[in-house]
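Taken from TrEMBL, the feature transmembrane segment covers 116-139, 145-166, 187-209, 277-301, 321-341, 361-380, 400-417, 452-477, 498-523, 559-581. Residues annotated as domain 'TMC' in TrEMBL: 390-496.
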């Protein structure tokens, strides 16, 4: 009898839901105090009932209406199944929950940002591989160079004659069938890179606006401690591990929310304020002086490095090792100077940990962007004017080595900076204790690596794929190192706005700076005469101009010509666009 009552109640519920409209039915299912699995089962049963009713009614309807209803229901079922698949493919959901519960939102924001960058590079790799690399395979010539294995570190040798670099791509129109459809590689290269940057621009803009609205305009989700305590519990959680994880997460959120209320305001005397100001000034002068010295060293080293390549490019061990000098020095500077900046921050008196992290991030940003700026000046003004047969490939190799060596140093930083530090803090010098996860340094490492990827995409189209793999490895290495070696922040504090700050730094100066480098290369620099899809042209932009001249003779393409003359070549259009965006 009990089973019969349950079955009857469920049938009644399904019948009532089937009689509702689609929006009412969705809201009613969402409000049910059931698990997600149970809700999906109810929804699928309701859809079956709706389909049966629609089929019964369809016998009295015209043929076109029957097909239309069937198509609508099929699309609805397909959408439901697709959403379920995406929920199952929500990578690292449990991992991020554990990190947030154990270490708080400040450390969690780093891993969310890293996951976002991985997704961005997956999109980039798919776009480039589909529209640039796959067509090149059709027209590719056999590679006669010997693979020794050192190419994995240097990016030279065998890789020079592969789709990894700009110089290997053809400038011909690819066509496998005579008088059949053709594929113009010059236009494909331009439009693929251009559309990718437009997509990145829109994604970054949307992410910044969404994060800003969530954390600054509508910050109610982070306030109201009483409502959070009384109403935040999810009664669908029945698993014991899930309950404990939710308890830890809720406890951490409450501690972070209360940290602003319990924050102590430091009252300094006049003498102490003067001392603090002097310490701040000295720290800033020291950080800026070190950044300037590092940039000067990188520039002179890169000039000497180019002389070695121009004089004689050999494949012996000595020449291969010489290629790695510049990226190793740059990575050493980017690794050890931030430790010095963190030490400077510990000497200064900040009211909250957030202030110290933001100051450290800003100093690291100046350092890394300055080094990247010096390298870009070297590539666009020195390498592009050198006697190299294919300067674009040379730039691509430099960026490949920088990305690879930076990835290696990132792994070594987790070992030496966190693992050995834990060993020392628990055995040799117990007073040190376990290390804390350095959010500022690690975030700037990600932004620096992504900046190199954006700059190098024109010279090495498959670089986003390499960066995607390196970010995946970094995610798991950092997660394991965090769980094994680090302790939660000693001072709990709320960092709801930190993700927004990461997005802003990624947009400016990282993305806009990389876009400026690509723009200068595309419009002003002369491509190499003997390699790449733009060989023989005065600039990469000339490929677009020649294509527009061809389209002017076709009546059906007049709208493309109008867009080119009235928008693409209009300074007023770009001025209005930049004003609206900024």
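Placed from the backbone N, Cα and C atoms, the Cβ positions cover glycine too.
Where the annotation comes from TrEMBL, it is an automatic prediction and has not been curated.
Nonlocal intrachain contacts for the transmembrane segment (145-166), taken as residues 6+ away from its ends with a CB within less than 8 angstroms of a stretch CB, comprise 133, 136-137, 315, 317, 320, 323-324, 390, 392-393, 396-397, 400-401, 404, 458-462, 531-533. 321-341 is the stretch from 116-139, 321-341, 452-477, 498-523 with the greatest number of Cβ pairs below 8 Å to the transmembrane segment (400-417).
Across the domain 'TMC' (390-496), DSSP assigns 79 helix, 2 strand, 26 coil. For the domain 'TMC' (390-496), the model's pLDDT averages out at 88.
Highlighted: of the candidate stretches 277-301, 361-380, 498-523, 559-581, 498-523 has the greatest count of Cβ pairs under 8 Å to the transmembrane segment (187-209). The recorded stretches the transmembrane segment (321-341) and the transmembrane segment (277-301) share 3+ CB pairs below 8 A when only pairs 6 or more apart in sequence are counted, and are therefore in contact. In this chain, the transmembrane segment (116-139) lies apart from the transmembrane segment (498-523): fewer than three C-beta pairs between them fall below 8 angstroms, excluding pairs fewer than 6 positions apart.
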